[in-house]
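Novice: Sending over a structure as structure tokens; questions will come in a sec.
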Amino acid sequence: MTCFTRVGVSCGLFFFLLGAQLQLIRCIRKDVLAGRLENVTQTISNILQGYDIRLRPNFGGEPLHVGMDLTIASFDAISEVNMDYTITMYLNQYWRDERLAFNIFGQYFDDENDDGISDVLTLSGDFAEKIWVPDTFFANDKNSFLHDVTERNKLVRLGGDGAVTYGMRFTTTLACMMDLHYYPLDSQNCTVEIESYGYTVSDVVMYWKPTPVRGVEDAELPQFTIIGYETNDRKERLATGVYQRLSLSFKLQRNIGYFVFQTYLPSILIVMLSWVSFWINHEATSARVALGITTVLTMTTISTGVRSSLPRISYVKAIDIYLVMCFVFVFAALLEYAAVNYTYWGKRAKKKIKKVKECCPGKIGKSERSETCSTTEDIIELQDVRMSPIPSLRRGTYNATLDSIGTETMNLGKFPPSFRITRNYGTGHSQLRRRAQRGISTRPRMLHALKRGASAIKATIPKIKDVNIIDKYSRMIFPISFLAFNLGYWLFYILE
């Protein structure tokens, strides 16, 4: 019994001493941390005492070397109209300022672990207003702002040896001069130009850190793919001196998918729609003309929409060539029907006049010949001749009517009033014909020479016996030509 009592007393004494030791360690630790905080506050006050923010580190000596690295947060927008792009990124700058060197304890215990760490002070961004910082700016900047939610996104970190890390997060809009000759099958190079505003290379030399850029692989753009980047540095000679400039260039490849569905595919379908008129009867004038005009206006609307999203540049772009050629194809389809209509009515009018002359070849003295020529069908045929697009045939109609059919032999009672009125137009048109003949004599000789030349050219054109041949060949020529154009277009720009 006595043995068990001694063991219990010994165990209790052991745990009591262990707890007391832990409590003592906590107290010592707390005192050390409290002393350290007091020492840090005193250290910061000491390093700022007598510190001149106007002078760069190592003033009057060797140039100060300032390291740079960037972390890309996001690409926000790229504008072809304004020739710029917007990007959000983190910029970190590194330099050494011996005036900010300090030594608190050498090593200390952290609150969360017992590992010793070197002296590093992470301070708020407001501390940057109390020390010297580089006057870094972006040479191609248009507009920038520093993020301030929930606090200003700035970082200042001091090392015991005077090393300074100065970081910030901001969004900037940078100029990017784009070459749009191959738009939208183009690729662009957009740069970030970093430079010191006031310090020349004799005072500040900037350089890229070993890992200059991060986050490019994770950045995404709706219309572009980032296929690579490169960094370089060079000296920029300006009116006020020579400055060190760091440059980061992004290689951007435009994605064609949006333009295929927004521009190219609708244009192709509109051109193919214009070919439908080749299968419509050539006498359906209203249908074919309406279809042709609709396709022309639709192509005009598409072209206007594309131009509204681009700057007003003078050179021709790839999409301009495609849209212009599509417009040419739909306009040519409309002109094709004009040729069909001209040929059809001109040929029909010639047949009518020939039939009238064959019907009444002699003088109008015999009543039976006059009755034969003066039928309802003849008058309707003369109306068709008046619709001919060839002016000479329209004028010849009235000459043949007056010369071969005597109005005194016409039995006007046999025909409806509309036909009788139509037949009475002969005198008026004969007067117009005589006036026109008098006007011709006053025209310049050059006009007559042009007419003779046009007649000679017209004589060389092969005569078409059937107007359907024009539509028949158009059904093959138009699709083949458009296919050949597309092959040449896409091969040229894709291989380029």
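Glycine is treated like the rest: Cβ placed from N, Cα and C.
Since this is a predicted model, take the numbers as computed values, not measurements.
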Novice: What range among 131-152, 285-306, 439-460 does Swiss-Prot record as transmembrane segment?
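Specialist: In Swiss-Prot, the transmembrane segment feature sits at 285-306.
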Novice: Pick from Asn189, Asn399: which does Swiss-Prot describe as N-linked glycosylation site?
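Specialist: Annotation hit in Swiss-Prot: Asn189.
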Novice: Taking Swiss-Prot as the reference, Cys176 is linked by a disulphide to which residue in Cys27, Cys190?
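Specialist: Answer per the record: Cys190.
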Novice: Sequence gap of 6 or more, Cβ distance under 8 Å: name the residues on the same chain that satisfy this around Cys176 (disulfide bond), in order along the sequence.
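Specialist: Spatial neighbours, sequence-distant, of Cys176 (disulfide bond): Ile78, Met83, Asp84, Tyr85, Asn140, Gln188, Asn189, Cys190, Thr191.
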Novice: Looking only at Cβ atoms, how many others are within 10 Å of the one on Cys190 (disulfide bond)?
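Specialist: By my count, 24.
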Novice: Once the DSSP letters are reduced so that anything not helix or strand counts as coil, what is Asn39 (N-linked glycosylation site)?
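Specialist: Going by the DSSP assignment, Asn39 (N-linked glycosylation site) falls within a helical segment, counted as helix.
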Novice: Could you pull out which residues elsewhere in the chain have a CB under 8 Å from any CB of the transmembrane segment (259-280), counting only those six or more residues past its ends?
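Specialist: Residues 184, 287-288, 291-292, 295, 298-299, 302, 306, 319, 322-323, 326, 329-330, 333-334, 336-337, 471, 474-475, 478-479, 482, 486 contact the transmembrane segment (259-280) from elsewhere in the chain.
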